[in-house]
Amino acid sequence: MEKDREVIKTASTAAPLVILASLILLNYVINGLPYIPDSWTHIAHSETLLRTGYLFGPSPNPSMVSYNYKWPTVNLLLALSQSVLGLGPIQSFYVVNILASLSIIPFILLVRRLTGSDMATLITGLLFAVLSVKLLVDSSVMKETAAQYPFYAYMLTTYMALIDRKHLRQNLLVMVLTFIAILFAHHFTLLMALAYSFIMTITVLMSNYLSGNNAWHALYVAITVIALGLLTYYWYVDYLRAYTVTTFVTPGLISTPILIAILLIDYVTMRRGSRILIYATLAILALMLISMFSTGKFLPYVLEGFNRAVVLSSTPYVLPILIAVLYLALYGFERPVVAITTVLSLAILLYVLLMGNNPLELLFLSKSLDFVMPFLLIPTALMITSAVRHRLPVKALAYVLTAALMISLPIFAVLTLYTYSLPTSSTLTVYRLIDYEEFNAINGLIPRNSTLYSSISYESMIMFMTGINTSDPTTYLIHGEAPQGLLLLTERNLRVGFLYGSGYSMVSIPKHYLLNILMSNDLVYSSRTLWLWETP
């Protein structure tokens, strides 16, 4: 029995790490490049950092630099990979992704301490490793990617400081250092770190106080979290001067999730029978709405404008959400920290779903899922672990459920990264090494005094490679006109479509219609994946 426990304990860390790292590296095997346009912006910024020697790129003063220089961690990692390890710009991408995949280690250690169950830890780790939002973040090179390891390390050390009185000072020190790492890495991750650590700390503080245990060490942690929040305010307002970010953090952004969380806490404190009855009603309603959406009979406001394939491939997220709510219905505050982080995650999720569907709010939805879903996997794994201990029918259901989650949770990422079949926004643009090499091949064919048109998804890559600022051709093409200058099209443009406007909409132009528009233009370059036309 002891030997089996050790095997499960080792596997709960090793297996998820191997799976996550393999899936991330598989993206490089298939595509050869990270996804998302920010990757090219940051690699260009890393070259500026190497050239000037300043952490913030063009200037030692962060208030004087542009948006993507203000959070320099990812730029620094890319620069160090090139200067210390001697890697090329493209190869330096790998380092950021590998470091991001290691964030699963502190997450698993946190889950083990929260649950006290090796089986629940193993299940959570496996689900975390195949979670689409995690795969997409770790397969990209952006500010949030560089913040992954510090975020989960911060959450781990915060909880360790709350429960380990003997090593309180050491844990507080590591807690502060990891928070500072997040401070330099990514703004939204910083907001989530403050939210989760604060509510976790208050929960442990109140739990210790109400149970008659010593609450002083939790009070020290609470004071530290508040001090870190004040440090964040000072850094952003008085030094960083990132007003475009701070103005987004409105009283409504803070108060509304808190009000929703209070309602959820009220639900958790009800009698168990009442909780189960409410849950059953809501679960049936949710399944009805999903069925109606799948058949085209219902479209929520927040999903208007989204491609149906994008939404349907995201529906597997509903399963851990429903299971997490069921956990609250059955167990309430039996595990206070698990319960309160579940409540906070559900409150954030409900809030972002109630927001509108303009580009900024949709971005807030996608970013929130990156943090909400991992914490909802913890009660999901606890429910599965509990079911495994029951008799055969329930145990079999638990295994089937685990298999269903392992298969369905990565669908969105698989379709996005490996099949190119999912029409997506500019935040989910897949880049391939073959496209990069093709762009290199035609670089000499582009006169520097001409206007180059291409899909906005390739704008940042072309800027990094050639220094040319491309223009969006979709307005011309929609109206049946060829833009004056050079038009660059890829195989994805012909098969899937063009990003349009701010990059959150897709325009699908039939191939025969598109080629008819370009019939009178000169074909300057042609290959299997890329074409270049010039207006005579």
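Residue 1 is the first one shown; counting continues down the chain.
Glycine too: its Cβ is placed from the backbone N, Cα and C atoms.
Here TrEMBL flags 12-30, 93-112, 119-137, 172-188, 218-236, 242-264, 276-294, 306-330, 337-356, 362-384, 396-420 as transmembrane segment.
Counting same-chain residues at least six beyond the ends of the transmembrane segment (12-30), those with a Cβ under 8 angstroms from any Cβ of the stretch are 94, 97-98, 100-102, 104-105, 108-109, 112, 118, 121-122, 125-126, 128-130, 134-135, 138-139, 410, 413, 417-418. Across the candidate stretches 93-112, 119-137, 396-420, the maximum count of CB pairs under 8 A to the transmembrane segment (362-384) is reached by 119-137.
Sequence-distant residue pairs (6 or more apart) of the transmembrane segment (396-420) and the transmembrane segment (119-137) include at least 3 whose Cβ atoms are under 8 Å, placing the two stretches in contact. The list of residues near the transmembrane segment (93-112) in space but at least 6 beyond its ends in sequence, with Cβ under 8 angstroms from a Cβ of it, reads 12-13, 16-17, 20-21, 24-25, 28, 33-34, 39, 43, 74, 77-78, 81, 85, 87, 118, 120-121, 124-125, 128-129, 137-141, 145-146, 148-149, 151-153, 155-156, 159, 374, 378, 381.
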